[in-house]
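Per Swiss-Prot, region 'Pro-rich sequence-binding' is recorded for 4-9. Among the features that Swiss-Prot reports, site 'Interaction with Pro-rich sequence' is placed at Tyr34. Residues or ranges marked as motif 'Plasmodium-specific profilin mini-domain' by Swiss-Prot on the basis of similarity to another entry: 47-53. The annotation site 'Interaction with actin' is assigned in Swiss-Prot to Tyr88. According to Swiss-Prot, the region 'Actin-binding' annotation covers 99-111, 151-155, on the basis of similarity to another entry.
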Amino acid sequence: MEEYSWENFLNDKLLATNQVSAAGLASEEDGVVYECVATPDENNPDFDKWSLFYKEDYDIEIEDENGSKTTKTITEGQSILTMFNEGYASDGIWLGGTKYQFINMDKGLEYEGHSFDVATCAKSKGGMHIIKVGGGHILIVLYDEEKEQDRGNSKNAALAFSKELIESTDTGAA
């Protein structure tokens with residue numbers, strides 16, 4: 001029997017719903033994405049799915065209320081972990097070099113007998129949900145309003161996947 005990969009699991013259970021444009025799994029240990037899938041960009045022959053989910057540490061310039069500028073180093077995985085620990089992200093969440101505005105955190109969100117911590121973030125014409133699934137996994141899904149995907153349906157698809165992931169991990173299936 002052929003081994004069922006994380007990539008196949010993400011493709012078959014999330015991307016195939018057409019409710020998300022991309023999905024990735026990150027480690028609860030460091031917040032770094034270790035597997036991802038994405039709908040190909042027909043307008044970009046050089047499209048790389050990893051560019052949506054990972055960028056090496058980088059610096060951004062931040063302006064405070066007095067107009068003073070400072071430099072901040074962005075470590076994407078760490079920003080995700082900090083958001084879960086603190087329950088918010090005042091500077092937003094950065095993923096693949098893109099800034100997402102932190103909208104809210106639902107700690108202990110109940111879904112079909114399971115409890116998840118779910119963060120919702122937005123950007124122009126889209127956004128993402130980040131779900132602490134348990135079992136060492138963090139699920140990240142991106143949705144694109146230009147592809148007729150929306151915040152609610154993408155969140156439901158992500159929660160259904162999270163439930164299936166935690167149940168399959170509990171039984172050793174994934």
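Placed from the backbone N, Cα and C atoms, the Cβ positions cover glycine too.
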**Request:** Tell me whether Tyr34 (site 'Interaction with Pro-rich sequence') sits in a helix, a strand or coil according to DSSP.
**Result:** strand
**Asked** Considering the recorded sites Tyr34, Tyr88, which residue's Cβ sits among the greatest number of other Cβ atoms within 10 Å?
**Response** Tyr34
**Complete:** With the cut-off at Cβ under 8 Å and a gap of six or more residues from its ends, the chain residues touching the motif 'Plasmodium-specific profilin mini-domain' (47-53) are 22, 24, 33, 36-38, 40-41, 95-98, 140, 142
**Item:** Spatial separation of Tyr34 (site 'Interaction with Pro-rich sequence') from Tyr88 (site 'Interaction with actin') - C-alpha basis, Å
**Value:** 23
**Item:** pLDDT averaged over the residues of the region 'Pro-rich sequence-binding' (4-9)
**Value:** 90
